[in-house]
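In TrEMBL this protein carries:
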- 100, 102, 154: Mg(2+) 2 binding site (BINDING)
- 206-351: domain 'Poly(A) polymerase central' (DOMAIN)
- 353-531: domain 'Poly(A) polymerase RNA-binding' (DOMAIN)
- 525-559: region 'Disordered' (REGION)
- 530-540: compositional bias 'Basic residues' (COMPBIAS)
- 541-557: compositional bias 'Basic and acidic residues' (COMPBIAS)
């Protein structure tokens, strides 16, 4: 008698093997993923391996150097070891061209986090392969972000309460988590979760192909970004793993269809778990909505399998949940059409329509008149706090949805005088005024190392967008978002004393109409939104995508004194009215 191993907390929904027709669709899915450039070349893979080998040698050198500084003998210092672990998409085997590598540097107990941000930082800066570096010691999970031999790498560090870290060390033993602080536990969790996911799926290859498809779909539909309130890589991986458990013998094409069907009908906030939540040896918090009110507030909980279990989707807001469920429903329809031979896999991966959907957008612009490293820190902070602005906005009466876009836009311009930098910042981000930026030299990958660019002063700009779906029953009513914008502005400015230097760091929050979005948000070949005539607008009183006529940009001037300017959007009687804070500093 054949026994089917049970994966997960319940038995499978079906143990049926895939049919010939389903396998054919699966082959077509793999071909579509190749066509979409989801797989990297052998040379790119070899480059990643080489970089990880360099990082391993740097780690051993780092631990040796710190050990010697603490008066250890050469033998003891060398035996202290140190090891690089990977996690995320690289460890799962679903990375593609341009993907970053999530790495964890594990060190023995006498090496501190401060050593990581000083000694290891200095060792990195000595390497010729280093292109960019941004230490973020104050992050929720402290990290050094680097670009090394063309590869973006997030470097975490965790200290174990052991004297030596040999190369054969694994992190599966829960007792290794003893006597660690919360930041070290969070750093270790990434690797432990990734390893457990791979152990909890019945067919790793089916899991990997399905996850590649889901990652590509989520990125194309702009719902892949933990920092902005959508599931991140590990959450999508766990969601895919759960469906693999329920259909252990199905091919990736079938798993993909069931993924959308099951999660579009899921009884949220019922949690998605891959195995029973475990107790362990530590006095640490484990996800439990029966005990913790904060855990009860999670809207779409996806729980990590490794002890201590945590919610990987705690950042999801009411707005982003609505958007995710809408995309799940679309996924059901598209994959059903594919299985009925009415469509193809390319339909699933069609690009989002974010910059066509809303009348009003908020632009949040973080800029720095300093170094790349200073700008990476400042823009990273603003990005990490943006979700808090979304929570405040969606709580306002009249705002149905505050929809964050998942990819910031980056630009750098050269300037000579302070007046020129003010002009750049004031005219940036609006179709009506962006033409004036042609008067300034824009820094690109092609010219950034030129002598006439390297020596000039630069203003570095990162822009994030929030689409606003507003609904005002009374046409004379207005939605005042001045208070949440001001609170967000002050939160970022006051995060630490350094960011209060208004001559170096700037933050502006402005509104822009659909027709005044800058050209940069549209890809080559995409057309800008077309204005509807007044007749068409009258016919679309209930319009989902009702478009408004273009108005001149109502921006504040750049103000070093951090003035808060309130402005109102006026439009035709069929339009909603929205007072918006324009905040600059």
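Yeah, the Cβs are placed from backbone N, Cα and C, and that goes for glycine too.
No curator has checked TrEMBL annotations; they are predicted automatically.
Note that the coordinates shown come from a computational prediction; the quantities given were computed from them, not determined experimentally.
Sitting within 8 Å of the Cβ centre of 100, 102, 154, and not among those site residues for Mg(2+) 2, are the Cβ atoms of 88, 90, 101, 103, 152, 153. If you average pLDDT over the domain 'Poly(A) polymerase RNA-binding' (353-531) in this model, you get 92.
Summary: among the binding-site residues (100, 102), the fewest other C-beta atoms within 10 A of the C-beta are counted at 100.
Note: residue 154 (Mg(2+) 2 binding site) has non-local neighbours 100, 101, 102, 103, 143, 144, 145, i.e. same-chain residues 6+ apart with C-beta under 8 A of its own C-beta.
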